[in-house]
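Enquirer: Next up is a structure, given as structure tokens.
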Amino acid sequence: MKHQEIMLNTLIKTNKLNGFSEEEIGDDHIYTGLETPMKSNAFKISDEEKKDKIAHLFSEIMDVMGLDLEDDSLKGTPNRVAKMYIDEIFSGLNPANKPKVALFDNKYQYNQMLVEKNITFYSNCEHHFVPIIGKAHIAYISSGKVIGLSKLNRIVQYYAKRPQVQERLTNQIAAELSQILETDDIAVIIDAKHLCVSSRGIKDDTSATVTSFYGGVFNTSNKITELQNYLNH
Ligand SMILES: [Zn+2]
């Protein structure tokens, strides 16, 4: 076991992480780093094996809750959940599903900011496994290369399809774009509703969470104002 894992296990056992209890980490949505915390052997077993295991384990959860798995309506649920987890809503955990992005020369010599706004996404809160529904707005200034507009959308969807916290989602999208486009001039704004806040816990149905990343020239009040003007149109 790596030192970090040992430390984490010790912290979990003592039920404290950076002084926060597990309950506090969940309800206050504290997150621990840019990378999605994954085990080193995360992809040693195939997707098919994962689906079999998840279906089995989910049927146990349903059984413990007292649900009748012989019922026609329920008996397919463990398999449906397993398939949905691996093939759809958590498919972004697997790097094999990362969108392939081709770069093009910036032929039009367009050197102002390009804004792709209102990218709708569905994610899931990693603390409660309930949906996060939101919109992402992305902007970049080309360093000489551009990517297809639909790829901006696909990058958002890829990182959204993981158990997430909004701050990490924002930063992961920004880091990916910065790497692909070879520039620091990236902005990402996410405006989302967390069902773990609206449908349970504090039950606030009207609040939304906004996070942002402003890199390079976007980290200036001029550019932030310009970007806000695009977003308000
Ligand atoms: Zn949550």
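Cβ from N, Cα, C; glycine included.
What TrEMBL records for this protein is below:
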- Cys125, His128, Cys196: Zn(2+) binding site (BINDING)
- 56-224: domain 'GTP cyclohydrolase I' (DOMAIN)
Enquirer: Applying a 10 Å Cβ distance cut-off over all chains shown, what neighbour count does Cys196 (Zn(2+) binding site) have?
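Expert: So the number of other Cβ atoms within 10 Å of Cys196 (Zn(2+) binding site) is 19.
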Enquirer: Mean pLDDT for the domain 'GTP cyclohydrolase I' (56-224), as a whole number?
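Expert: So the average pLDDT across the domain 'GTP cyclohydrolase I' (56-224) works out to 95.
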